[in-house]
Amino acid sequence: MIKKASLLTACSVTAFSAWAQDTSPDTLVVTANRFEQPRSTVLAPTTVVTRQDIDRWQSTSVNDVLRRLPGVDITQNGGSGQLSSIFIRGTNASHVLVLIDGVRLNLAGVSGSADLSQFPIALVQRVEYIRGPRSAVYGSDAIGGVVNIITTRDEPGTEISAGWGSNSYQNYDVSTQQQLGDKTRVTLLGDYAHTHGYDVVAYGNTGTQAQTDNDGFLSKTLYGALEHNFTDAWSGFVRGYGYDNRTNYDAYYSPGSPLLDTRKLYSQSWDAGLRYNGELIKSQLITSYSHSKDYNYDPHFGRYDSSATLDEMKQYTVQWANNVIVGHGSIGAGVDWQKQTTTPGTGYVENGYDQRNTGIYLTGLQQVGDFTFEGAARNDDNSQFGRHGTWQTSAGWEFIEGYRFIASYGTSYKAPNLGQLYGFYGNPNLDPEKSKQWEGAFEGLTAGVNWRISGYRNDVSDLIDYDDHTLKYYNEGKARIKGVEATANFDTGPLTHTVSYDYVDARNAITDTPLLRRAKQQVKYQLDWQLYDFDWGITYQYLGTRYDKDYSSYPYQTVKMGGVSLWDLAVAYPVTSHLTVRGKIANLFDKDYETVYGYQTAGREYTLSGSYTF
């Protein structure tokens, strides 16, 4: 039965927003419009992943979590810690906005895209993932979707865990959350992860010297947070985390030159906030600072040698957001300010550079009878390209009880990164990349099956491409993306099923050729059940045909990469109420495949872990 009520009573529509690991319709999400609202009131397709899901899947990386979600296509240059890209609904990797606790991820290397192979899985307590345009709420990058990684724990207690696996993988983690009196709580975490890895064998991409070494990964992480409730309505927090990573990879070798095949990444982030949570009005002020230093060097000479490269960026942000309950919905408004500072040499930028952006936005949500309306508008003032406006609107109609039709349209954009603007081949006159998106969807609850099917189109213009003749970047590319997405979840006795299907036709609108590294079709299936206190899980993923470039010879040739079916098997057993042991086999049938041409994947891998809570 569908309940209709205002946001004052936290309305929920049980049949809607089907595909989510946390399937409760009353689940609150914060990413859609920056304040908590029931997931069922978000018209855009939204997925929520909890820490319990991550533990059940026994994921050892953020990429392993995201690859299971609808519309997501992950490519990686090998195994743990190797360079990776996220494609959502066929858009570029730079068209995905990644937030950490609602704050934009600091992008070392000013590449303009997030490499989540470096972000520690130990910090991830929850993931909220929204598909479709969201620039009208968040500004640049939110063309394909938004991934918000939340580090705040929900429950107090202490957990000690350890794990071991293939390729000499080992992981040790301890975390605790404790109450200090009635109004204060503190959270601490420390994590160590290491793997010897394997030889990713970047065939043809390493120049004249073969590199038959293991490409390992090491990560050390610290996290701390202090939260305090001043009154029932006022609260504040201070939070900080940092990680120190080292990655070995196969680099391009030129005779007589150092071999830069080691990456060292230092990253730290700090934020503090003050929140007011009244019955009708909510407000929050958050400030943050992050600093990343990304070295690539030859270990024979060290990271401070003149042959090494350093990408260094500092990011400062201030967010002021407000939300007011109005009728059967709400109105929100806020201001974002951001400053990014680079050092000379970062991203091949000869001089250090500051870029500032101020955004003002307005959001609205209202329920009128059988209809739900959502809209947002934003204007950004950027120190490089000036002003840019975006907007989006959606409407949902419950035409039969338990069934809803949704139509939406939105504009979004991607600002040029600093390397494209001021690098050796840069062009300071670049404009933002622009997107116009349409989507129509049906969703409902039929015979216990919670389902959604949608079709979408995304036209992207002013794409920034490199011109081989002028050796400069220009706004000259166009893309046309059409897709269909279907999701469902249901129970059959003790079995829980979650399934999704994606069809994406992503093409260069000028040449009508497929965009590289995007699978045309994907099928994802998760089966979970409990038998004699054992928790079992089977994951299936089909990756369809994709295209890539062979960079081993010039001119570069386009190559076709066939599809593959992958299976994972995971099991967990609670030895006591405090101690749980887990085991997993990834790539159960040891399939040989690549997501980036020339870079091998790991093959079959085993992990064994245990956790003790008190």
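Every residue gets a Cβ built from N, Cα and C, even glycine.
Positions annotated as signal peptide by Swiss-Prot, on the basis of sequence analysis: 1-20. The motif 'TonB box' annotation in Swiss-Prot covers 26-33. What Swiss-Prot records for 38-152 is domain 'TBDR plug'. Taken from Swiss-Prot, the feature domain 'TBDR beta-barrel' applies to 155-614. Among the features that Swiss-Prot reports, transmembrane segment is placed at 158-165, 217-227, 232-248, 328-337, 371-381, 434-443, 449-458, 473-490, 494-509, 517-529, 585-596, 602-614 (among others), with the record citing sequence analysis. The Ca(2+) 2 binding site feature in Swiss-Prot is assigned to Asp213, Asp215, Tyr249, Asp250, Asp261. The feature motif 'TonB C-terminal box' is assigned by Swiss-Prot to 597-614.
The motif 'TonB C-terminal box' (597-614) scores a mean pLDDT of 96 in the predicted structure.
Residues within less than 8 Å, Cβ to Cβ, of Asp261 (Ca(2+) 2 binding site) and separated from it by at least 6 positions along the same chain comprise Gln211, Asn248, Tyr249, Asp250, Ala251, Asp298, Pro299.
In this structure, Asp213 is the one among the binding-site residues Asp213, Asp250 with the smallest number of other Cβ atoms inside 10 Å of its Cβ. DSSP classifies Tyr249 (Ca(2+) 2 binding site) as coil under the three-state reduction.
Counted within 10 Å of its Cβ, the other Cβ atoms near Tyr249 (Ca(2+) 2 binding site) come to 24, all protein chains included. Applying DSSP to the motif 'TonB box' (26-33) sorts its residues as follows: 0 helix, 2 strand, 6 coil.
DSSP classifies Asp215 (Ca(2+) 2 binding site) as strand under the three-state reduction. Classification of Asp261 (Ca(2+) 2 binding site) by DSSP places it in coil, neither helical nor stranded.
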